[in-house]
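K.L.:
Quick one: this structure, given as structure tokens, is what I'll be asking you about.
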Amino acid sequence: MKTHSSNHEIDMESRRLVEDKERPVRSKRVITIHNQALLSGFAYCISSCSMILVNKYVLSSYDFNAGISLMLYQNLVSVVIVSILSLLGVVKTEPLTWRLIKVWLPVNVIFVGMLVTSMFSLRYINVAMVTVLKNVTNVITAVGEMYMFNKHHDNRVWASLFIMIISAISGGITDLSFHAIGYTWQFINCFLTASYSLTLRRVMDTAKQVTKSGELNEFSMVLLNNTLSLPLGVLLIFVFNEVDYLLQTPLLRLPTFWLVMTFSGFLGLAISFTSMWFLHQTGATTYSLVGSLNKIPLSIAGIFIFKVPTSLENSASIFFGLLAGVLFARAKMR
């Protein structure tokens, strides 16, 4: 899932704990809060890393040539689970009214394009290079913020963005498994991801005005985005002619394949839940920094799990790209 709470710039790290007079009680409370933060951070890292690795496994190891269908199935799983949780009263979601749908539809089109291009690029590019190339999104977003919201960044931010660009270029040049189609899809994905982030900020305020409660929480966004993506996903399946492939592929007759596909759907939903949990337990700054650090084990795991051929030059490019992501997160904190 791409509807993460990192788009909301909420810093909850300045929260003050109420001091108790009895020292043993105070110590016990601090330990509980630290455990919650650690557990939520661990859950977020595991779910986000697993989602990319499982998608790569389905698209490459199974050689499943229907990325839009995979996206559609994952979104369907999310809709079913959130709807059940909403009916049981576990989570609270806003009703999908026509007014809300009309406001949200332009954002949803970008959202679907973002997911589809991500699937297409992941099929051709190794996980480590995908994480490095995704840094281009930060560059586009920073420029967009400057022109759309008149937001200015200091020299540390621009320096880290410059390193990101250099690492992406050098990484592509030294990539032993370079694939032009995959890189094209990834750069389109970066543009769409940045567009989604920038558009979401403008649409959120309008969307809240047309909801019954005047709010739009994470669960409502997950349900709204994924529900609206279903008819558009079905249309794209016919446009990209995936129907013939689905009718012919023997993969759909394998129970293990369906198990992996369903698991990927659960992971997509888990990212939304764990990201919100982690954000509430820590804050936007810690969330952003952990998200950047999380790319390091993900890249290493991707190289070893899928046995990606690499060179010293390419590894250095990946390392500097990941380092630039960490520097960028730290610079944004200041």
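Any Cβ shown, glycine's included, is placed from N, Cα and C.
Note that TrEMBL annotation is computational and uncurated.
The annotation domain 'Sugar phosphate transporter' is assigned in TrEMBL to 39-319. Among the features that TrEMBL reports, transmembrane segment is placed at 37-59, 71-91, 103-122, 156-174, 180-198, 219-240, 256-279, 286-306, 312-329.
What's the neighbourhood like for each of these?
P.N.:
The list of residues near the transmembrane segment (37-59) in space but at least 6 beyond its ends in sequence, with Cβ under 8 angstroms from a Cβ of it, reads 1, 67, 70, 119, 122-123, 127, 130, 257, 260-261, 263-264, 267-268, 270-271, 274-275, 277-278, 280-282, 286, 290-291, 294, 297-298, 301-302, 305-306.
Long-range neighbours of the transmembrane segment (71-91) within the same chain, counting only residues 6 or more positions beyond its ends whose Cβ lies under 8 Å from a Cβ of the stretch, are 1, 112, 115-116, 119, 219, 222-223, 225-227, 229-230, 233-234, 237, 261-262, 264-266, 268-269, 272.
Within the same chain, residues 2, 7, 107, 110-111, 113-114, 117-118, 120-121, 123-125, 130, 133-134, 136-137, 140-141, 144-145, 148, 172 sit at least 6 positions outside the transmembrane segment (180-198) and bring their C-beta atoms closer than 8 Å to a C-beta of that stretch.
Residues of the same chain lying 6 or more positions beyond the ends of the transmembrane segment (286-306) and with a Cβ under 8 Å from any Cβ of it are 5-6, 13, 41, 44-45, 48-49, 52-53, 56, 60-61, 126-128, 130-132, 275, 278-279, 318, 322, 325-326, 328-330, 332-333.
Tertiary proximity for the transmembrane segment (312-329) is limited to same-chain residues at least six positions away from its ends with a CB under 8 Å from its CB atoms, namely 128-129, 131-132, 135, 138, 156-157, 159-161, 163-164, 166-168, 170-171, 174-176, 288-289, 291-293, 295-296, 299.
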K.L.:
Give me the stretch from 103-122, 156-174, 256-279 with the greatest number of Cβ pairs under 8 Å to the transmembrane segment (219-240).
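P.N.:
Between the candidates 103-122, 156-174, 256-279, the best contact partner of the transmembrane segment (219-240) is 103-122.
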K.L.:
Taking residues 6+ outside the transmembrane segment (156-174), which of them lie with a CB under 8 Å of any CB in it?
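P.N.:
Counting only partners 6 or more residues beyond its ends, the transmembrane segment (156-174) has Cβ contacts under 8 Å with 129, 132-133, 135-136, 138-139, 142, 183, 311, 313-314, 316-318, 320-321, 323-325, 327-328, 330-332, 334.
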